[in-house]
Every structure is written in structure tokens, then in C-alpha cells.
């Protein structure tokens, strides 16, 4: 008889279906027309009805299946209002068929931390830049991001009415990442992807020092990592606080699963233990390849301004 799949693979398989449900909620809120926008810390820090419903759906669905896992979501919400129609009970069979990497087979529920960004790129969502939007579910063990799911609810939305809308990318360290075509950025080109709505003198000073051929400004950390793994950008550079653990956990796992690297601007790894502070105070530096090239060119003045 087949041994039942390891906990990690069951969590990832469920997270996959939970993320697809989340995407449906995101699209439904948008097509219903009332986004229910609330300003949190200011005009660039927004929350919509989609952020709220999606977080409730993801957290409640995963908590019901894996009650001892720690789940940390971006929005401060009570779980009392979760209605049954928000619960997703399914899982992706394809993921359960893959063998769990040996180093993760003995993991217990209470050792996992799941970081959830229900709607990464909220500002872009409210402005109709729909391809920037992602749903992020990152899975951490021993403080490291080891698996992740990124759903892009509006992938393909410009391809016409009969195009399949949305896609789910997933990855596990030691297995790889799936749901997209891994592509390297053009050789010898320095294409930097950075923030669209959180720019600053420091952010721009850091980018100029890297002497880029092109700078792409887009919303969402999930979206920026997708630019790297699909070869549209060679480095993701953000010399500023502002990014949080739920922004980087899922993208980090997927990037690392295909041999890329992400750190803060000073070169330190991120930690994802449940009691870690949420802010990535020293920004983000990520690449699919040639990490050292970019890391070595970050000015010391920039590093000194950003204390981890």
C-alpha cells in the first residue's frame, strides 16, 4: 500500500486549491464592482473587500485542515465571520503524487508557519493593473521558506474573452517549481524590476548605482519574482523598508526552488519563524542568476541607510 503523503505535500496540495478559490473571490469582487476600499496607513496602503474575504478564506480553510499550523496573514481580522462558502476543502492531486524531499518528511504541523498575503498589489488592483495582482501562500519550516504558492488571478486577462484566466505557480525546495516556463533574462542585459508606488530617493539612488539598461516599475512582490523567473528582469531591487514577511515567503520559496536567490539589500537572509518581526526593514535584492554581480554593486551608503 502507498504510504500516505507527507504533511508538507498535503499542505502544499491544499494551499494550491485554496489559492485557486482565492483567485475566484478576487475576480468576483472586481466584477461585482464594489471594492470596499479602506485606507490603512495612507493612500498607498489600501485594503479592499477582496483582501478581507480572501484572507478569511485562506486562513480558515487551512486552519480547518491543519489546526496546529501557525498561520499569519497580512490583514488584522477576526475569524468569527467566516461563512461556509469561503471554505475550500480540495487539494491538487498532482502535487500529492510527488515524493516529499527526505529532509522534510518528518515535519509536524506545529513546526510549520504559513505566511499569507491575500492580495499582493492591492493598489494596482484598485487601479485596474490586474496582471500585477497575486495571492501569496508561503510555507516556512525552521525559519526558512521551503514551499510556496503564487496565484495570478488575472494572468492572461488581455488575451481575449475565451482565454483561460489565471494561473497557479507552486514550488518546494528540493523538488522545483511548476506552473510557468522558467526563462533566464537576456545575457549581458541589466534589467531591474522595482517598486511602482513606494519609490524614494534611496530606492532610485540604489538603482542608478547598478547602471541598468532598463528599469521596470510594477506593483507586488509576487509579480516581481514572476518577472525574474520568466526572464523579463534580471534583478529585483528595493532599497527601502516596506516589504513584509508575507510578501516574500512564497516568492522566496519558488525562486530558491529554481536556483535563484533573495536577501535584503545588505545580503542577509530572511527568517520566517512565527515570532519574527513582520517588516523586512532592509529592503529586497533578488535574482534568478548572477546574484553576486548585483550584490557587489549595492553602494555602502545605501546599505548603511537600511539597518536590518
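The count begins at 1 with the first shown residue.
The backbone N, Cα and C atoms fix where each Cβ goes, and this holds for glycine too.
These figures come from a predicted structure and were not determined experimentally.
Database features (TrEMBL):
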type	residues	note
BINDING	74, 117, 119, 120, 247	Mg(2+) binding site
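Shown on the structure are the features that TrEMBL records.
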residue : record              : Cβ neighbours (10 Å)
74      : Mg(2+) binding site : 22
117     : Mg(2+) binding site : 31
119     : Mg(2+) binding site : 30
120     : Mg(2+) binding site : 28
247     : Mg(2+) binding site : 27
Near-site residues: Mg(2+), ref 74, 117, 119, 120, 247, CB cutoff 8 A to centroid = 51, 116, 118, 121, 122, 134, 135, 136, 220, 221, 222, 244, 246
